[in-house]
Amino acid sequence: MLLRLVRLELFKIARKPRTYIAFGAILAIVLLLQLALYKDGETYLRFALQSLEGSFGITGTIINGYFVCFVILQTLLVHVPLLIALVAGDSIAGEANMGTLRLLFSRPVSRSTVLLGKFIAALLYTLGLLVFMAVAALFGSLLLFGPGDLIILKSDMIVILDSGDVMWRYASAFGFAFLAMSTVAALAFFLSLFAENSIGPIIATMAVVIVCTILTTMDIPMFNALKPWLFTNHMLNWKGFFERPPDGAEIARSAALLAAHIVVFVGATLLIARKKDILS
Amino acid sequence: MPPVISVSHLTKQYPGLRAVDDLSFTVEEGGVYGFLGQNGAGKSTTIRMLLTLVQPTAGRIELFGKELYAHRHEVLAQVGTVIERPDLYKYLTAYDNVRLMSELSGVRADRARIMKQLEQVGLADRATSKAKTFSQGMKQRLGLACALIHNPRLLILDEPTNGLDPQGIADVRRLLRHLSREEGKTILVSSHLLAEMELVADSMLIIDRGRKVAEGRVQELLNPDDMRVELTAADPASARAALARSTWATRLEPGADRLLLRLARTEVPALNRDLVALGIDVLALQPRHSLEDYFLSITQSAHAPAAR
């Protein structure tokens with residue numbers, strides 16, 4: 001029955017116009033960044049290399065497909081949570097708003113199975129979005145700019161990765177990004193249970209992400225003890241795959257913490273939904 | 001055979017509000033069972049408890065002789081429902097809505113079965129139209145198609161004629177009668193349209209402030225020995241004068257706007273004969289709002305302050 005429910009949920013997601021907003025937005029941003037770097041990449045590089053000019057002299061072509069993809073991911077993965085929340089936040093609240101939640105919950109299927117089906121469908125949507133992003137950002141950039149060694153510019157150093165050593169890092173980074181975005185989907189899904197309108201959980205999800213991100217980036221002693229437990233502190237650790245060598249233990253710790261958040265959010269949703277009166 | 005629905009001592013307590021208060025009733029197999037009550041009387045809460053949407057504070061619910069929560073899946077597989085307004089995916093077509101509902105109910109209905117169901121509610125020609133393009137009446141009929149696709153034994157309908165025009169109401173009435181009489185389904189239907197319920201229900205339960213105030217077969221509740229009949233005559237003034245001089249004078253209710261007589265159902269043929277004998281040109285002779293009178297009398301008496 002769970003598989004059937006997942007299929008039905010995917011069918012519903014596919015038929016909703018809002019589903020395609022995210023794909024459209026990603027394609028637009030990727031194309032804009034590719035176009036900008038194609039036309040004016042040298043200006044961007046000069047700006048990025050300002051702090052390193054005294055220490056390094058770089059000759060040759062830095063801007064290639066791998067480099068452009070890295071720039072796109074850095075820009076885009078901060079905004080993707082909103083696109084994920086658009087669908088995950090709507091998954092329960094949208095049904096409550098239409099009145100179809102009472103229909104789902106009065107069918108001969110347990111509430112937990114219905115909700116699990118919905119969450120798995122939201123995960124598959126998230127996966128679809130990231131695969132689309134990978135194709136557009138990585139393969140699109142490779143097509144447009146060609147391959148080459150990946151040079152990552154940091155504030156005080158440069159990491160150079162051989163072109164043959166890059167693809168597995170991107171695959172792992174997208175895998176990690178899927179876990180990070182699934183955490184956002186789980187949060188939106190959890191908040192969706194308490195609303196009868198999808199706008200509420202979407203805004204609430206973004207508010208939580210923004211507040212946690214601020215707490216993560218601020219260096220205030222009071223919040224420092226909290227930081228290791230905030231999911232936003234770990235969401236951008238996909239960049240760890242582009243270190244030389246990657247800090248496997250740190251990445252695994254982040255992945256475990258994100259997975260734990262998913263389990264807590266989804267578990268709480270199922271537990272609360274079991275006894276919740278459906279009054280919508 | 002056990003009753004289709006058996007509710008005993010059902011109670012739902014919200015903070016500061018007892019929505020349903022020690023309610024007990026049974027619904028036997030077959031027929032249309034009307035569920036009446038004013039707004040806020042507890043009808044929707046009761047229906048939601050029957051569908052496991054709302055958890056009872058106390059009491060026991062059995063459907064088809066089985067305790068609802070212990071046999072939830074088995075029992076709900078035999079129930080179809082439309083609650084307050086049709087629950088539809090507005091961005092899906094009529095066909096997809098029915099197909100989705102059949103799968104959720106554990107039945108894989110094929111195309112022919114879905115089209116037959118849409119045909120029954122008069123929507124076969126709109127199968128590929130999205131539900132959001134439908135009128136209220138069409139949405140209501142599509143909701144019924146979704147409720148019926150898995151061929152349930154029991155239909156639970158909460159205000160199924162809400163927002164419908166007279167034609168829509170008549171269509172739903174015809175469909176309910178057909179489902180009850182031709183297909184043998186048991187139908188529990190709540191409505192505030194009393195005249196409509198009188199036309200369609202075989203038995204009924206009336207609740208007020210969460211408590212049962214009356215239950216039984218419609219004809220028994222309405223007391224056929226005390227009904228009001230409205231006479232429509234070609235010349236109402238002459239008709240009133242003629243009746244005032246006849247043996248029916250004591251049965252004639254005062255008031256100039258309508259000619260109303262209070263009498264037993266068995267006396268109607270005699271009245272009809274006398275009207276002809278009195279030379280009154282009768283255009284119509286109709287029972288009037290008997291359920292409404294009954295409903296108001298029992299709910300108002302329940303609200304009246306106790307005598308000192």
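Including glycine, each Cβ sits where the backbone N, Cα and C put it.
A TrEMBL annotation is a machine prediction, not a hand-curated record.
If you look up TrEMBL, you'll see A:20-38 (among others) marked as transmembrane segment.
The transmembrane segment annotation in TrEMBL covers A:58-88 (among others).
Positions annotated as transmembrane segment by TrEMBL: A:119-146 (among others).
According to TrEMBL, the transmembrane segment annotation covers A:166-195 (among others).
Below 8 angstroms of C-beta separation, residues 81-82, 85-86, 88-90, 184, 187-188, 191, 195, 230-233 of the same chain, each at least six residues beyond the ends of the transmembrane segment (A:202-223), sit close to that stretch. Under the heading transmembrane segment, TrEMBL lists A:202-223 (among others).
Among the features that TrEMBL reports, transmembrane segment is placed at A:251-273 (among others).
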Same-chain residue ranges lying at least 6 outside the transmembrane segment (A:251-273) that approach it to Cβ under 8 Å: 92, 111-112, 115-116, 119, 176, 179-180, 182-183, 186-187, 189-190, 193, 228-229, 231, 234-235, 237, 240-241
Same-chain residues at least 6 beyond the ends of the transmembrane segment (A:58-88) whose Cβ lies under 8 Å from its Cβ atoms: 13, 16, 18-19, 21-22, 25-26, 29-30, 33-34, 37, 41-42, 44-45, 49, 122, 125-126, 129-130, 133, 137-138, 141-152, 158, 161, 163, 166, 170, 173, 177, 180-181, 184-186, 188-189, 192, 201-202, 205-206, 209, 235-236, 238-239, 242
